[in-house]
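Engineer: Can you keep this structure in mind? I'll have questions shortly.
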Amino acid sequence: MDKKDVIKKALELGFADVGFTTMEPFESQKDILNSRKEEYAWVFEKGINLKKGLDPKNIMPNGKSIIVLIDLYFKEAFPNVLEGHFGRAYLDDDRIIRSHLSKRFKAFRGFLRDNNIESKAPFNIPHRLTAARAGLGTFGKNNFLYSNKVALQSSCLSPIPIIVNYEFEPDEPTVEVGCPKWCKSTCIASCPTGALRAPNTIDPRKCISYLSYYQEEITPLEIREQVGTWVYGCDRCQEVCPRNRAWLSQDLPINERVLAKSKDFELSNLLHMDLKFYQSKIWPHMFYMPFNETWRWKMNAARAMGNTLDPKYIPDLVRAFDENEDEKVKGMISWSLGRLGREESKIALESFLLKSNGKVREEILLALKQF
Ligand code: SF4
Ligand code: SF4
């Protein structure tokens with residue numbers, strides 16, 4: 001068995017690129033985690049042990065090499081309306097339903113097993129850094145990995161590392177920032193919340209992606225407008241990047257799988273959904289929020305409705321106020337009605353005021369100041 005056999009099999013299975021690296025610990029990442037403990041504390045609170053993944057030997061003591069597969073998640077177009085609300089990487093995510101990528105990945109591991117190679121696919125080793133060390137791409141100042149060879153050198157890719165107990169010759173690392181000198185750091189200037197505050201330096205607690213799935217409180221007033229129409233994830237710093245222009249300009253065929261479920265992901269359906277709908281229609285595709293946290297989905301949908309500035313959502317927001325008990329959802333509905341304006345919003349807010357108190361009442365009073 002040599003690298004050529006592995007590469008041939010991976011390409012046959014539809015992966016776009018393959019690289020190989022050593023079992024060396026990821027020292028640079030260790031330094032980052034140690035120097036920015038506060039910003040990353042939430043990761044550990046969520047039970048994700050990133051430190052363990054910094055030394056691949058912790059995951060597979062008899063490991064000898066790491067194979068990195070590159071999969072392209074954006075080979076087909078997604079409906080425009082979904083791209084405005086959801087990160088593209090999540091739109092055809094099959095980690096729960098195991099309908100396509102998972103099958104190819106399983107077949108690849110089966111191939112390794114048939115050749116007497118044990119493998120482990122850890123979720124907590126630094127995927128992008130592993131791929132760069134395997135010579136598959138360079139970094140953007142937005143921290144994304146840009147391919148050296150495939151996807152028109154864009155960042156529309158997912159690196160998948162696999163630790164194996166078989167030694168392969170490592171590829172030449174390309175762990176560096178590969179941005180053209182003429183780019184004036186558009187990604188940093190465009191980050192709506194200032195999460196990307198300097199080249200390759202992000203405060204995850206301010207990143208819209210993080211906020212969309214993990215924030216425990218109502219979105220702070222000072223960033224509600226900036227979060228815009230995002231509901232789950234954020235692609236802004238990739239969309240503005242000139243390194244992605246060629247890939248994003250392609251005329252791609254529509255992804256039928258995603259088109260088929262797009263109605264379920266309409267903002268109105270998210271705002272009014274019950275637990276059964278969430279469990280059967282949404283969670284199998286976007287699963288970062290547990291079943292008892294649908295309030296966050298609803299808050300995000302309500303905020304996005306307000307930020308569309310489209311008055312067609314006023315009746316939905318008014319109806320959802322009484323459907324929901326959660327004060328964060330009610331508060332965001334009030335804010336969005338204030339943002340959308342119009343007489344019918346004002347009348348609804350005045351009626352909500354009569355039956356509300358505490359934080360919800362404060363939000364309603366704030367919203368009424370918009371009129
Ligand atoms: S926007 Fe510019 S600086 Fe940012 S990742 Fe793209 S090329 Fe690099
Ligand atoms: S994903 Fe969005 S919020 Fe996060 S750093 Fe990029 S532009 Fe900023």
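Each Cβ is built from the backbone N, Cα and C atoms, and glycine gets one as well.
Pasting the feature list from TrEMBL:
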type: DOMAIN; residues: 171-201; note: domain '4Fe-4S ferredoxin-type'
Engineer: Count the residues of the domain '4Fe-4S ferredoxin-type' (171-201) that DSSP assigns to helix (H, G, I), to strand (E, B) and to coil, and report the three numbers in that order.
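Structural biologist: Summed over the domain '4Fe-4S ferredoxin-type' (171-201), the classes give 5 helix, 5 strand, 21 coil.
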Engineer: Limited to the domain '4Fe-4S ferredoxin-type' (171-201), I'd like the whole-number average of pLDDT.
Structural biologist: 97
